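Copied over from TrEMBL:
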SIGNAL    1-32  signal peptide
DOMAIN    36-115  domain 'Inhibitor I9'
DOMAIN    141-588  domain 'Peptidase S8/S53'
ACT_SITE  D150  active site, charge relay system
ACT_SITE  H230  active site, charge relay system
ACT_SITE  S546  active site, charge relay system
DOMAIN    662-757  domain 'Subtilisin-like protease fibronectin type-III'
Amino acid sequence: MSISYFLEYKLAFTALLLFLNLSDLLVSQANAESKVHIVYMGRRQHDDVELATSAHHQLLTSVLGSQKAARDSIIYSYKHGFSGFAARLTKSQAKKIAELPDVVHVVPNHFFKLHTTRSWDYLGLSESSPPTNLLHEANMGDGIIIGVLDTGIWPESEAFNDKGLGPIPSRWKGHCQSGDKFDPATACNRKLIGAKYYLKGFEAEAGRPAIKDPDFLRFDIASPRDRDGHGTHTSSTAGGSFTPNASYHGLGYGTVKGGAPKARIAMYKVCWNWLIGGCTFADTMMAIDEAIHDGVDILSISLGLEIPLYADIDMRNGIAFASFHAVIKGITVICSGGNEGPYPQTVVNISPWILTVAASSIDRSFPTLITLGNNQTFSETGFIGIAHPEISELEDTRFCNNLNTNDTWAAGKVVLCFIVKGDELYLPFTQQVVQEVGGLGLIVAKNPTRDLNDLTFDFPCIEVNFDVGSQLLNYIRYSRKPQVKLIPTRTHVGQPVSTHLASFSSRGPNSVAPAILKPDIAAPGVNILAAVLPADTPYKFESGTSMAAPHVSGIVALLKSLHPHWSPAAIKSALVTTAWVTDPHSGEPVISEGNPNKLADPFDFGGGLVNANGAKDPGLVYDMGTFDYILYLCSMGYNNSAISMLIDQAASCPIKRPSILDVNLPSLTIPSLRKTVTVRRTVTNVGPVNSKYKAIIEPPLGITIKVKPETLIFNSSTKKISFTLTISTSHKYTTYYYFGSLTWTDGVHRVRSPISVRNEFPELVC
């Protein structure tokens, strides 16, 4: 979420509180006792959707006392991927419903939040690639349907033109929904084949209709049309058509396209700018339920809960539960990992059936050269004065957030100021202040990151690190007439720009299930140029794991086209085990931005940087199905009846709880190693029928790993083989995580699984 976007919401929300009239207050008081709840009933009891809806109404009628009360109360009926409904209920009514035998969970409605050209060339998916490239082998994703949950879509963007596309896939059951400023007859085509919006949950939280609220009309549109730009950006990144000659104010010039340019897009608008902005649980559940019915192949979701998370077995973790139903029906669900980095245990969307994405940079930068009056150059109108906002030793105002319109000394000069972590929020205000007092430019010294800030391009604003900032400050302090010359920002591609894991990208380990590695993979999410609303430019740079997730969605569309029978778990395994762990072009280590920077590890980028062409032929995959997810749910303590209602069959957990370490993931994370443990994995051969793989172990520091068998031999009758890993430690003290890997190789394929181990002796620590 951009700074201006966040501030706009805050200001709107404050204004709303200040000017709320008496009638609004009375309505709010009347509705205070009643709140939207989601009643989750597990698997569908009826294939007939009308019968399912009727059953929901009957259940609600039995508690509320009349059919009219039930009709007035219910908001959504979930009946395609799973069973349940959303309704306005008092606490006592919700409690009564929760006690009924057919009900699994009843939870209050709550909010999720949004988590944003060269990137496809960087990933080796250029249209000029050879015919053996995944992009061409998969026919650019033709026939695959990507469902996007986001803020809507701007259908007139060239990113959604349908030139060269054939008929809409016959299995498609969805449609385009009409609404304010959105006519399906002109908005939708053979590229944008579906567009719906879900507002009832948000309206229920607000306590009044959106279309009667002036703040809603100011910030949003009651239709699938995007008013924010986030949804247009993510959907064009995943599956946008070829659009040449694109740039943002001349930067990043080139052809913009999605990962799967011939894939079809279906937008499910669940996120709104109204009030404080966000996406409600009720609306999101309904969108996923209908996406399952409509026939999407992929769900791309760039939103999630905030830390601390609900447990996997907690129904309030709505994306996890709804997406489970999608995954067991063969739909791959890709989610952003969150933007709370670089702090550990901040990654979200952590269920094992979800493909969770971190954000990395690409080999492109936007340098601005700075030359001082003494001809010292840092990175480049004539020379103009440069000044720093310090007054005296007793009154030091050198920080950017302390600048104000009384600082007339900045007129006609370039201003240098410093900011510390957390004060980036003030940058747009600082720039505005310097402009208002007649300043000619701004140099900001801060902890360096790769993403461009949400600043205007008609005023020079340059970010440097503290080292350069300190050198500039010394020059200003000790020069009689300090001057500086700035040369406009330019686009630079290739050496020496190496890949970094973005500072904002949320990190593992998994805070709910530490033995499940998250994130799964990293993809470009820094300064991604894609379509937005055509206000001043039709394309814009955005940064975030929101932008990384649709990169993976586009790649998954290509893989799904090439391998239509692969399960979501097989696709995830192919991506994780073939990922790059070093820069794909230079071979240099991937740096994880933080305080301080460090070498990236699995908690930063999972298996590594997504390698699309490697994933098309992984050799072996760690596949998973319903049984494996039952194993996971049992290991997390979920009871038999609840699991049976969640899946589509009877389930019975063993008396002895299974080990979560045996879940058939393409990774191994041991959060508490005290003594020797043995874990089990099964691999499926998806390469040549007659294959022989040998194990290569790179053990974590102080850890011994033995694999049995050490060689896997596949033939026409042996397509799956199980093996065990026995892990022991030489450590005598509690440690942090150490990292290693297991790689199976046949001389052509390298099937690499990251290993993370922490030694823990709880009796020795508090």
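Using the three backbone atoms N, Cα and C, a Cβ is placed for every residue, glycine included.
Per-class residue totals from DSSP over the domain 'Subtilisin-like protease fibronectin type-III' (662-757), listed helix then strand then coil: 1 helix, 60 strand, 35 coil. Broken down with DSSP, the domain 'Inhibitor I9' (36-115) shows 31 helix, 24 strand, 25 coil. D150 (active site, charge relay system) sits 10 Å from S546 (active site, charge relay system), taking the CA atoms of both as reference points. Each of the active-site residues H230, S546 was assessed for Cβ neighbours inside 10 Å, and the highest tally belongs to S546. Cα separation, S546 (active site, charge relay system) to H230 (active site, charge relay system), rounded: 8 Å.
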